[in-house]
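Chemist: Can you keep this structure in mind? I'll have questions shortly.
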Amino acid sequence: METVRRWRADWRYPTTLLCLYGFFSTVKPLEPFIISYLTGPDKNLTTEQVNNQIFPVWTYSYLAVSVPVFLLTDWLRYKPVVVFQCAALFITTSMILWLKSVAAMQAMQFFYAVVTASEVAYFSYIYSMVDLKRYRKATSYARSVQLLGYTVGSVLGQLLVSFDLMSYDNILVLTLVLIAVALLVSCLLPMPQQSMFFHSLHTGQKTATEGTKRHVDGTVDATEHTSRADVSLEGTRDEKAESGGTEDEAGVGLDGKDEDLEESVGAESCGRVLLQLWKDFLQCYSSRQLLYWSVWWAMATCGYNQTVNYVQVLWEHVQPSQNVTIYNGGVEAVSNLLGAATAYSIGFTEVRWEQWGELALGGFSGLGAAALFLMTFIGNIWVCYTGYVIFKCLYMLLITIAMYQIAADLSMERYALVFGANNFVALALQTIITAVVVDSGGLGLGIIPQFTIYASYFSLIAVVFSLRGLFTLWRAQSSDRVESTPPVQTEPPDSALNY
């Protein structure tokens, strides 16, 4: 019994449960084939209905619920939102399986937007349960398991579809079973006793984020940073524990000594929290360099999300004219693995990104635009697949560089604030593009004009940041020349020489 109690008090216990939840909730074998399923005989929807009426609902709903869900996540102390996320995922999958109309699929997209917005609770939870020195290790475990889940789901779906082992409906039933396992695991998670600002520890624990720096080593991709960015937004905590305990002794559920601590958990007013956020926001974005990198972050993430969301519609448009087997699942698996490897490789490069980074953003964004143009106009499914893998790898490479540059000099609180704000702006831009370009209430363009616009959008990003990168490089070289020029030696007056 003592062994069980010691194990439950250790940081590995909540981390293991969260990893199990992350794996089972991300194995989605049908996701790479969702367009084929919705437009096939099972649902009998048209591509135009899926593209112009159903998918845009996710973007609008995500923007609407993102901020309320984030605040609710901290107020409820993470675990309830994790459970709620899994329940919403179960509802989403059930609606896909049993409902057919356009209105029902639009409602399904709303629930999926809630699932996406609740992703913040996944990483927020573990940061409330482990000590600061274990953040990096716990994060790597949690994110690696998620990537494993996505990859396993894509490969499993490809095998089931290619060898006709299961129908689409049976694949969804299998997915529901996996989600049910994840829901059970989420209910077993221990409840945190604190959150970052609505329920903060005023005694017994030194704030994990106080004065610390977050260093990004490129081992994680954009989806992780997006989740981590929403963890902590307010750093007004007491400097020292009144009880005099160590950091591990004061932590929640770390070494089983909670009963020896006198902890005071208070709830900070919402107005005070928002005021602190606004002050930190203004101070962070007063840095011009951080502002430029954040602009690229928001613009590129917007274009990337639009591309990933609608790429299956493009593949579906190309495939009917070609008698080929659908390899969407394999392509997603390969792109995920290569994208993660590309992002990981950044940690081993010795480049002065503060000098060359913006030029890299412009140049590689141009390559991404070229890949999108090839996907759009060549009309060959293998070119589409190859272009998608290249585009995704380039984005993972660049977003890692941008994250590193932004995070290098930020404390945890402002790291979270800036990353959260950048992603919110990206989502707002995505909503505008969806409303104007995709939605049937706007232009309602077909998939080829859509991807032409996305490719042109990345071309604009490439031009702007290439010019900005060249200017930054010229200014840096000019500064180096000025510093390397020796000062002019003036001859002393005659009186000084005679002396």
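If you go along the chain as it appears here, the first residue is 1 and each next one adds 1.
Cβ atoms here come from the backbone N, Cα and C positions, even for glycine.
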Chemist: In TrEMBL, one of 147-165, 299-317 is tagged transmembrane segment. Which stretch would that be?
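Modeler: Among 147-165, 299-317, the range TrEMBL annotates as transmembrane segment is 147-165.
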Chemist: Give me the stretch from 147-165, 171-191, 359-383, 389-408, 450-471 with the greatest number of Cβ pairs under 8 Å to the transmembrane segment (80-98).
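Modeler: When the Cβ pairs under 8 Å are tallied, 171-191 comes out ahead.
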Chemist: Are there at least 3 C-beta pairs under 8 angstroms linking the transmembrane segment (147-165) and the transmembrane segment (359-383), leaving out pairs fewer than 6 apart in sequence?
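Modeler: No, these stretches are not in contact.
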Chemist: With pairs restricted to those 6 or more apart in sequence, evaluate whether the transmembrane segment (415-438) and the transmembrane segment (53-73) have 3+ C-beta pairs under 8 Å.
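Modeler: Yes, the transmembrane segment (415-438) and the transmembrane segment (53-73) are in contact.
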Chemist: Of the listed stretches 53-73, 147-165, 389-408, 450-471, which one has the most C-beta pairs under 8 A with the transmembrane segment (110-127)?
Modeler: 53-73
